[in-house]
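Features reported for this protein in Swiss-Prot:
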type	residues	note
TRANSMEM	38-58	transmembrane segment
DOMAIN	179-371	domain 'ABC transmembrane type-1'
TRANSMEM	183-203	transmembrane segment
TRANSMEM	230-250	transmembrane segment
TRANSMEM	292-312	transmembrane segment
TRANSMEM	347-367	transmembrane segment
Amino acid sequence: MSLAQPAGTETLVKPKRPWFSPTTKRRWQNFKANRRGYWSFWLFLILFFLSLIAEFIANDKPILASYKGEILVPVMVDYPEEKFGGFLAQTDYKSSFIQDEINANGWMIWPPIRYSYQTVNSNIPHSAPTAPFWLMDEKERCSAYPQGNADPGCTLGNLNWLGTDNQARDVTARMIYGFRISVLFGLTLTIASALVGVTAGAIQGYFGGWTDLLLQRFIEIWSSMPVLYILLIIAAILPPGFFVLLGIMLLFSWVGFVGIVRAEFLRARNFEYVRAARALGVGNWTIMFRHLLPNAMVATLTFLPFILSGSITTLTSLDFLGFGMPPGSPSLGEMIAQGKNNLQAPWLGLTAFFTMSIMLSLLIFVGEAVRDAFDPRKTFR
């Protein structure tokens, strides 16, 4: 038995909660209104995504191959040469024997650039470093191939678009992989620095007193140290590596976040809603990270793109001085050092310079747009 709904009454429908608050929508609109920063953001994301799939753009292995009816993915799986009738060794897909064997029993799809960052080009027309292929005539660029201009290996994918370095490695491939390492290193360092710096600043600003005094004196002493010299000394002692450099630079990079977060917590810790939360028995850590931290993150977010660009610049500087990534790693700093040592090959320094300039300019434009978006005094139409 069911009760009939009384006449004249309406069922109340709970309104749907919007995905974003009006403040967030206003900030996003302000960010989009800054056209230079908005398009720089998307251009940077596209370049970063392309660098993440660098193995499918620049590689000395085919993306996809078919051999005797079997589909192979050499770019992701290492197949021994024995599979193609050779020896039990790593397969060199650029050798004529392997290419003839696969083409006779199937097909191969190569990436646009048939070189990885560590592939040595043995068909350069003269001693390395060699110029980009478009600075040579057709006869010169194919002179190292057995059949010259008629050789099937002298194709656009096998030519060096931006030349080679002093070890006959493709500059374009090293630029793409170097861009990826620089951005990944900068992002990882920025996120780790933000976690440490925000936590330290929150503790200082919320508790105040002796906690704030002691930590502030420590930070003043720590930040007054010659960072670059200490980085060089530690990097010279420890074996080079991605995570070794990350740990070394994290020792000092977190300090930049402390002052901003500390000031926000000092300002907000005596607000009425904080006092009410304390009176209700809410714990200090809950108040800090659930109620105060969102307000402090506004200033922190505007600071992140500039910290990211600074992290990339520091890594490039260490690589340039020879204290960065391990030898052979794709590095923009190492490419700049090669350009300095090979002034007769200006394409080395110019490639690294323009890559760094574009990357840092995009990050600065994005940082300016984020800063304007979170500024309540600015409203764009």
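Cβ atoms here come from the backbone N, Cα and C positions, even for glycine.
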Problem set entry | Cβ-based contact of the transmembrane segment (38-58) with the transmembrane segment (347-367), 3 or more pairs under 8 Å | yes
Problem set entry | Same-chain residue ranges lying at least 6 outside the transmembrane segment (183-203) that approach it to Cβ under 8 Å | 48, 51, 211, 215, 219, 242, 245-246, 249-250, 253-262, 264-265, 288-289, 292-293, 296-297, 300, 304, 307-309, 311-312, 315, 359
